[in-house]
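Take a look at the structure below.
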Amino acid sequence: AAMADGDGLISVDYEVHGKVQGVFFRKYTQAEAKKLGLVGWVQNTSHGTVQGQIQGPAARVRELQEWLRKIGSPQSHISRAEFSNEKKIEALDHKEFQILK
């Protein structure tokens, strides 16, 4: 049977703007991604944002995108989340969801 679009694997890069550093944003993002069964990474940037990559089933990636856009960590204040380089992938490039220094 052909897989429905929602079941295919996708990869998407993200960058979250706002008060997202020093508020455990990376730790919460990692926990949320693991809960959803996604892989990828997250890191702070030198210009005060958080960026990374998410990979997994499209429907689950959408859930994390929504979380990054609206929820974040309890003390964070998200002004906006940008997503780029979305593409379908055949296999995952990462084994887990890591916090990069």
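Cβ atoms here come from the backbone N, Cα and C positions, even for glycine.
Cβ neighbours within 10 Å of ARG26 (active site), excluding its own Cβ and spanning all shown chains: 21. Residues or ranges marked as active site by TrEMBL: ARG26 (among others).
Proximity of ASN44 (active site) to non-local residues of its own chain (separation of 6 or more, Cβ distance below 8 Å) is seen for GLN21, ARG26, VAL50, given in sequence order. Summarising the annotation, TrEMBL assigns active site to ASN44 (among others).
Within the domain 'Acylphosphatase-like' (11-101), the DSSP-based counts of helix, strand and coil residues read 25 helix, 39 strand, 27 coil. Marked as domain 'Acylphosphatase-like' by TrEMBL: 11-101.
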